[in-house]
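A.B. asks: Please find one structure pasted underneath; my questions will follow.
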Amino acid sequence: MTLQQQIIKALGAKPQINAEEEIRRSIDFLKSYLKTYPFLKSLVLGISGGQDSTLAGKLCQMAINELRAETGNETLQFIAVRLPYGIQADEQDCQDAIAFIQPDRVLTVNIKGAVLASEQALREAGIELSDFVRGNEKARERMKAQYSIAGMTSGVVVGTDHAAEAITGFFTKYGDGGTDINPLYRLNKRQGKQLLAALGCPEHLYKKAPTADLEDDRPSLPDEAALGVSYDNIDDYLEGKTVPEQVAKTIENWYLKTEHKRRPPITVFDDFWKK
């Protein structure tokens, strides 16, 4: 088995999908989890205005709507959380995503004050954060807020990780990578677009250039610029297609060096890092 085949198998990626079937699969997955643990009353997700959180948010609300109708339990809710750092450049996209999702509840937590306070405390301890590390601080503060909300609403934190993101480890460890449940896991980027199109999402929300937008020095830096490879290339690779040799090397290098991000904390029983 080639490394490409191993990666595809590990991430559960498929060369082709039926959008309606995958929508149903994700909704049923979320419903099944909540039914298994009836003490859970909410799904909590940060909404950025990008493709992934828009899709995950819509699926969450659909799952909650169905579960309420089936059980008569009106305490179930989907909580969409806006988490800007100061003023967000693409705020209108966030509002458009909220309008599309129609969440039960919308909370806004501006993380800038918390991030600056943490940065100042570290500075006083003799640690000056780089712009890159400050970006990770933002991602972790966003997740911290979501877990606080989930803790107060008997909820679970929903993630947006998918195969095209997992393969490169393009997420912050214990930031956006630290969630309870991931309904998009297995899909690549173009497949996520297919689901949103099937759901009637406004095109500009999934045709915009994806960006983590964490760095102050490089605002709205496109993911593809940071990765050095396009999502089309990544999706082709995940679909088992032949890609240029350098593209394959770039993708595989990202995969191998970020393996620790896709695993629980390393113990004495692990040896993947020795290979």
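All residue numbers here begin at 1 and follow the chain in the order shown.
Note: Cβ is positioned from N, Cα and C throughout, glycine not excepted.
On a predicted model such as this, the values are computed, not experimentally measured, just so you know.
Copying in the features that Swiss-Prot gives for the protein in this structure:
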type	residues	note
BINDING	G46, I47, S48, G49, G50, Q51, D52, S53, T160, K189, T211	ATP binding site
BINDING	D52, E165	Mg(2+) binding site
BINDING	R140, K173, D180, H260, K261	deamido-NAD(+) binding site
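Burial and contacts for the listed features, if you can.
C.D. replies: Under a cutoff of 8 A between CB atoms, and with a sequence separation of 6+ in the same chain, the neighbours of S48 (ATP binding site) are L83, C94, A97. DSSP assigns S48 (ATP binding site) to coil in the three-state reduction, outside any helix or strand.
In three-state terms derived from DSSP, E165 (Mg(2+) binding site) belongs to a helical segment.
In this structure, R140 (deamido-NAD(+) binding site) is part of a helix by DSSP.
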A.B. asks: Give me the count of other Cβ atoms within 10 A of the Cβ belonging to E165 (Mg(2+) binding site).
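C.D. replies: By my count, 29.
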A.B. asks: When neighbour density is defined as the number of other C-beta atoms within 10 angstroms of a residue's C-beta, which of the binding-site residues T160, T211 has the lowest density?
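C.D. replies: Relative to the other binding-site residues in T160, T211, T211 has the fewest Cβ atoms within 10 Å.
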A.B. asks: When the Cα-Cα distance from K261 (deamido-NAD(+) binding site) is computed for each of the binding-site residues G46, G50, D52, E165, which gives the smallest value?
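C.D. replies: Nearest in space to K261 (deamido-NAD(+) binding site), counting only the binding-site residues, is E165.
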